[in-house]
Amino acid sequence: MLFKFPTPSQVREDEVTPRDLFLTRRSLMAGGAAAMALGSLPVWSGNAFAASFQVPTTIKPADPKFDPTTPMKSATTYNNFYEFGTGKGDPAENAGTLKTRPWEIAIGGEVAKPMTIGIEDMLKFPMEERIYRLRCVEGWSMVIPWVGFSLAELLKRVEPTGNAKYVAFQTLNDPKQMPGLRSWVLDWPYTEGLRLDEAMHPLTLLAVGMYGEVLPNQNGAPIRLVVPWKYGFKSIKSIVRITLVKDQPPTAWNKSQPREYGFYSNVNPEVDHPRWSQATERRVGEFSRRKTLPFNGYAEEVASLYAGMDLKANY
Ligand SMILES: Nc1nc2c(c(=O)[nH]1)N[C@H]1C(S)=C(S)[C@@H](COP(=O)(O)O)O[C@H]1N2
Ligand SMILES: [Mo]
């Protein structure tokens, strides 16, 4: 499928109209959610996508009727991105210093064909819009229309060897661009990891956009992971390195509080975090809480990955 990803300077106002984008998006979202997209029209700007997206039939999106899309304004002003500060409003305020071009990801380790790939080449992967729930372990959640491609598409290119059992990810580590790195909050750079089968699962997304637009810096531009059945912190932002490894890799949150943040971190209403119950969650922008679903609602797709595992011990 043809996908164009113009840089802001290349986009002419008359090329991409809010109406075109709205019409594209309307085919993806029914009723209330479409009204919400219309409500967010003032934010459509010169950096909008000029493509139509498909939700593949194998992927079950959140049902927009019962699970309305979070307003874009909330999803881009209420963030966790500690490289730009620990307050929820800090990333939106401070992430303007992040330089997202040029940008490369170095992919290596247990692979036959290590490579460094630039963001422009990654934007040539076939893009899809996928509406996913993202639930933070702090007890809030959002429903976000991401734009991206399956991580598996990228990993297949480097040909993982038989020794590759896990995938380690690393965020940019530049204190000049990321003021939060000057304070010791986590063991920088931010790192995360997945088992290889989790990384290869079609739901696991590398996102380059949201709400039909280029990913805002505060949401992890130019490219971030989204693993919808795991707590939000697994969805690492602004990725510069991916390494396939034999052994379970260290991860930033597990290193800082091993009792609170395990390697797996699958959303599980039955296993509480030591400080926060995981039984319910509050959608950002809503008042009442709703029940948290096993695997964040994606059990049908991913529960089999954990067959026979004790999910209380492997939290
Ligand atoms: N590099 C990096 N990635 C990160 C974080 C971070 O602090 N640094 N925070 C994580 C947490 S705790 C959550 S809940 C999600 C939030 O993503 P959002 O701000 O796009 O909603 O990003 C995750 N990815
Ligand atoms: Mo989080």
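Cβ coordinates are placed from backbone N, Cα and C, and glycine is handled just like the others.
Listed in TrEMBL:
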BINDING   N79, Y82, E83, C136, T171, N219, R224, S235, I236, K237  Mo-molybdopterin binding site
DOMAIN    100-253  domain 'Oxidoreductase molybdopterin-binding'
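Overlay of TrEMBL feature records on the structure.
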{"residue": "N79", "record": "Mo-molybdopterin binding site", "DSSP (3 states)": "coil"}
{"residue": "T171", "record": "Mo-molybdopterin binding site", "DSSP (3 states)": "strand"}
{"residue": "R224", "record": "Mo-molybdopterin binding site", "DSSP (3 states)": "strand"}
{"residue": "I236", "record": "Mo-molybdopterin binding site", "DSSP (3 states)": "coil"}
Annotated Mo-molybdopterin contacts N79, Y82, E83, C136, T171, N219, R224, S235, I236, K237, maximal Cα-Cα distance (Å, integer): 19
Reported mean pLDDT - the domain 'Oxidoreductase molybdopterin-binding' (100-253): 96
Under 8 Å by Cβ from I236 (Mo-molybdopterin binding site), same chain, sequence gap 6 or more: F169, Q170, T171, Y190, T191, E192, G220, R224, L225
